[in-house]
Amino acid sequence: MNTSVLTKVPHRWRYIGFVTFACVLVYTTFHYMQVPAGKMDYVLERTGVPADRILFFDESNEQISNRIHGIDNFESNLPRIQFDFSEESENSKHVRETRRDAIKSSFLHGWNGYKKYALGADELKPLTNTSSNPFGGLGATMIDSLSTILVMGLDDELEELLPLIENIKVKVDEQMSVFETIIRYMGGLLSAYELSDHPGKRVLLDKAEEIGLALLPAFDTTYGLPHYHFNPFTRVSKTNTTYLADAGTIQLEFFTLSYHTGNLIFAEKAQAITDFLDSADESQGVTVPGLYPYAIDISEGEFNKDSSVSFGAMGDSAYEYFLKQYILVDGRIPQFARMCTYNLKELHTCFAPGMLAMGAKIFNRPDDMQVAKGLLDTCVHMYRSSYTNLSPELWGVADEVEAYDPLTYEQIDDDLTAARSWRLWGTGYLNPTESAETRVLKDVETTPSGVIAYDTRYLLRPETVESLYILYRITGDPVYREYGWVIYEGLEKHCRTSSAYASIKNVNTDGTESGQNQIDSMETFLFAETFKYLYLLFSPPEVVSLDKFVLNTEAHPLLRRPWTLNLKNNNKP
Ligand SMILES: *[C@@H]1O[C@H](CO)[C@@H](O)[C@H](O)[C@H]1NC(C)=O
Ligand SMILES: *[C@@H]1O[C@H](CO)[C@@H](O)[C@H](O)[C@H]1NC(C)=O
């Protein structure tokens, strides 16, 4: 890795904190009308709305499940993202398939534990075999697992779940995170609807729409910016502060929901937010166009000037979605491309390499690809240099370490052992009253490797394996598969329990009996994301091709299609 690249790599890091969100009950009826055979477009008709408001790509004669394997007619107008892979050797195919099958069995181990002890609840507690409901109790693990089930070809599992899904009550009487509800539940349902050939799959779309309608009142604010938390039953929210990630990470789901239901209200709500961000200026607290402070007062329509411009917790996935919306509609809405501005110094999380690398291909920015590779090496280093081969939840690299030198694949075990001299902040949790950044700056000089772990837990997070999947598909470099396998082995060795998988207290502890180092918690993204990305890393490259799909921020694949909505501003160049 060359040093000029490394100097661009930011020296301080923060892991992600996914956050939150949320409209007017307008209900309209639509129907699709097919244009004469031979033409590629459908036209949507709706009373009072110009017939050309949604333009569709014709997919009527295709078996959707074939699309997972790239067997379809879709050819993108955008530059190709994936590497031009040549045929694999028998030997590498054998290794790849063995690994892929192992990952699938691991998924099934956790999934069967959830089904046995927690089916219908949000999460299984993997040590006590009990359940918990942090997401309103709609069955978050079940819904978040659907697209992985279909990608892995476990269609019979879906069959069993459809009646349960049909019975979910969405209007729960509690404050729900609008963002989490949309990315996990709505995203999971829409993706499964797109990926399944099941004749009863309409249930999935109907439930996604029901959730959308229940959340619409949360968007009924002066600027259309959704509430962060919202009670769909009482329609009350307790705060007027929201975060960039919460407002800016619903667009893929709302656009897709409008596409399938023909109900444009969702896309309109999503677009209003995009337009708000697009036009925000200095008077609203945006000093550099395109770079937003992370906190927003939704009643004033202003950014909180004390909140920094952040690609870390609370901000990052909005930038991810500017790019992904553009890809979703296959480049037909130029506004989304224009909004893809990044501050490379502020890229904090380990999904960023994947985002940068995809943007590098779409917009032909080779420098971003180099940065992406450097960032990803650093993220992987955090896994490979720990005793468990799992990365801490929050960590930093000292400002004082001028050119931080991530260990690379070639390095041998001794080097990795030497790199284990992290400064630890005890076992467990970050003290929320002290910012991570302050801690790094205060106590850094005694850390030989320059690495500080200020939250030593591993929560089964996917960001690094997400970037590995994307970088592998883009570069074809087998090193990314090897990295992924090391991470999988760490997860299997340290997180597995008798019924599922558990989070870890301290990733850098040697010799701890695995049970003692485990936490009784299994987040849904293990199923939605971590196992899916690992599985895809060891699948043939045409499976969930980046040239056919775009994955939402919870790793639910959505079909790319050249389509557009003639909403207010979105064709502005
Ligand atoms: C949890 O379930 C597994 C698998 O069924 C079982 O082996 C284990 O003993 C159970 N643990 C507890 C605490 O009940
Ligand atoms: C949010 O803003 C609205 C409109 O300004 C106001 O009526 C409401 O009381 C505010 N809510 C909170 C929790 O501050």
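Glycine too: its Cβ is placed from the backbone N, Cα and C atoms.
Just so you know, TrEMBL annotations are computer predictions that nobody has curated.
Residues or ranges marked as transmembrane segment in TrEMBL: 12-30.
Annotated active site, proton donor per TrEMBL: Glu180 (among others), in sequence order. Annotation note: Glu180 (active site, proton donor) sits in a helical segment as assigned by DSSP. Taking all protein chains in view, 22 other C-beta atoms sit within 10 angstroms of the C-beta of Glu180 (active site, proton donor).
Annotation comment: TrEMBL describes Asp316 (among others) as active site. Its own atom aside, the Cβ of Asp316 (active site) has 30 Cβ atoms within 10 angstroms in the protein chains shown. The DSSP secondary structure for Asp316 (active site) is helix.
The DSSP secondary structure for Cys379 (disulfide bond) is helix. Other C-beta atoms found within 10 angstroms of the C-beta of Cys379 (disulfide bond) number 26, with every protein chain shown included. Positions annotated as disulfide bond by TrEMBL: Cys350-Cys379.
Annotation comment: TrEMBL describes Glu393 (among others) as active site, proton donor. For Glu393 (active site, proton donor), the count of additional Cβ atoms within 10 Å of its Cβ stands at 22 [all protein chains shown].
Residues annotated as active site in TrEMBL: Glu463 (among others). Here the Cβ of Glu463 (active site) has 22 other Cβ atoms within 10 Å, regardless of which shown protein chain they belong to.
In three-state terms derived from DSSP, Thr553 (Ca(2+) binding site) belongs to neither a helical nor a strand segment and is classed as coil. Around Thr553 (Ca(2+) binding site), a 10 Å sphere centred on its CB holds 27 further CB atoms from the protein chains shown. The Ca(2+) binding site annotation in TrEMBL covers Thr553.
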Cα nearest Cys379 (disulfide bond) among recorded positions (Asp316, Glu463, Thr553) -> Glu463
What number of additional C-beta atoms lies within 10 angstroms of the C-beta atom of Cys350 (disulfide bond)?
26
Considering Cα atoms only, can you say which of Asp316, Cys350, Glu393, Glu463, Thr553 is the nearest neighbour of Glu180 (active site, proton donor) among these recorded positions?
Thr553
Which one is closest to Glu463 (active site) in space, judged by CA to CA distance, out of the recorded positions Asp316, Cys350, Glu393, Thr553?
Cys350
In DSSP terms, helix, strand or coil for Cys350 (disulfide bond)?
coil
From the Cα of Thr553 (Ca(2+) binding site) across to the Cα of Cys350 (disulfide bond), what is the distance in angstrom?
13
